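Pulled from TrEMBL:
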- 1-61: domain 'TRAM' (DOMAIN)
- Gln300, Tyr329, Glu350, Asp399: S-adenosyl-L-methionine binding site (BINDING)
- Cys426: active site, nucleophile (ACT_SITE)
- Cys426: active site (ACT_SITE)
Amino acid sequence: MRKKNVVLEKIPVSGYAAEGKALARHDGKVIFIEGGVVPGDVVDIRLSKNKKDWAEGRAIHIHTYSDKRAEPFCEHFGTCGGCKWQMLPYSLQLEYKQQQVADHLQRIGKLALPAMDPIKGSRHTIHYRNKLEFTFSNRAYLTAEEIKDNEGVVLERNALGFHVPKLFDKVLDINTCYLQEEPVNLIKNTVREYALAHGLSFYDIRAQEGWLRNMVVRICTTGEIMVNLVIHHENKKNREALLQHLLKTVPAITTLVYTINPKKNDTIFDLEPKVYYGKGYVEEKLEDFVFKIGPKSFFQTNTYQGEVLYQVTREFAGLTGTEIVYDLYCGTGSIGIFVSPQAKKIVGIELIREAIDDAKENAARNNVQNAHFFAGDVIDICDDAFFEQHGQPDVVITDPPRAGMHEKLVSKLLQIAAPKIVYVSCNPATQARDLALLDALYTVEKVQPVDMFPHTHHIENVVLLKKKLLAVSH
Ligand code: SAH
């Protein structure tokens, strides 16, 4: 019988599984545990799922703390969904990520692996993001202690910060965030204080009303800073006063834009940001390549490690100047542009038309003349006529979203049979699934995980596949 409300007591945590869940073994079962526990902790677990071979639950009490634990550095740790692995020393985070990649490739992919190179850790473990989106809300998340300690006091319910995991309408008011360098906290806190002092309304997500909605801040290694303030409707007087105050307080901002979003959803893709100050975009550099990033452009969020990721990709591609290289899921064309000096020709494909427009502009800015970009779904574009027209690839670079490649694309790649495939992935589970299919024709030659997101469980992994030398049958 599967009883409800089962609590397992004093269970030693032994490791990590996918998606940042911790792992224990009990009574021949694998238990997946949520709730910020660390291998070496001894915990009580309330089960939410209890199956024959496995169970899932949340740690409700920690009896013994692991000696592997580190002291979290952020005051918002535990509530904020951002940097959930702060209680693990960085070296251990890297070890677990490396292990995850190996596990996935072996268990899901059932692949024979070459010796894996050790994961490339991030040079910066804080202040590594170039983009953050803060949310305004009139429903600040309050902890149980805050409510208890302030009985009878009316607490400030306007917040500017991040959504609290699993609570769609609650926003955690963030004081100091370590994900971006200063002056980003100054920007955020300046806007919040001004808004509170002047009675500007923070968005009410349930009632769909209120003026201030979101604020996206980009800070580049070039020193350029862009702020995009998203408001529900135009109010010229209030908007100009707020933006003027922000610019005066933080003169380091190089461009200030605003977007009016009267819609129910938060996406600004179908909206037109307007420039209040500066050129309306920022420029970021990877090696000597310069990329233009507008308010709607996609760009790798960790510039330092983005560069490392592309260097690994370029090395795996092993280009000599004569190759036709396909860059699938190319986004704004950054990988293709990055490897273009070593290739004869780059063919980039991406679903979002605006990203392709950016890719073309970025190629032109960097004086890259051998790159060609096409907008559309990879499975529609990559047909026989397309390959005939643009040339059979010598190297295919593929960098799909978390869901991995569509099975039809994998079949097409098997049919096209390029000598090399470089598979860049932000989800080693779907990567392993795709590699298992590609195993019919390809051997895994190299595996290189790269850590783009310190203090989170997210993993980026690059794999080099080489075509097998198949015996010709007579
Ligand atoms: N290689 C890029 C971006 C990779 S993110 C970089 O390094 O910056 C994955 C990209 O795949 C996204 O830009 C997304 O828009 C695109 N995408 C998702 N599904 C797609 C599909 N079916 N066909 C083409 N592109 C797709």
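Backbone N, Cα and C define each Cβ position, glycine as well.
Any TrEMBL annotation is an automated prediction that lacks curation.
Where TrEMBL records a feature, it is marked here on the structure.
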| residue | record | Cβ contacts under 8 Å, 6 or more apart |
| --- | --- | --- |
| Gln300 | S-adenosyl-L-methionine binding site | Gly306, Leu309, Ser334, Met452 |
| Tyr329 | S-adenosyl-L-methionine binding site | Ile349, Glu350, Leu351, Val378, Thr398, Asp399, Pro400, Pro401 |
| Cys426 | active site, nucleophile | Pro401, Arg402, His458, Ile459, Glu460 |
> Do you know which of the binding-site residues Glu350, Asp399 has the most other C-beta atoms within 10 angstroms of its C-beta?
Replying inline: Glu350
> What three-state secondary structure does DSSP assign to Glu350 (S-adenosyl-L-methionine binding site)?
Replying inline: strand
>> Quick check on the domain 'TRAM' (1-61): DSSP residue counts for helix, strand, coil, in that order please.
In response: 3 helix, 36 strand, 22 coil
> Neighbourhood of the S-adenosyl-L-methionine site (Gln300, Tyr329, Glu350, Asp399): other residues with Cβ within 8 Å of the Cβ centroid, in order?
Replying inline: Phe298, Asp327, Leu328, Cys330, Gly331, Ser334, Ile335, Pro400, Val424
>> Suppose you look only at the domain 'TRAM' (1-61); what would the mean pLDDT be?
In response: 90
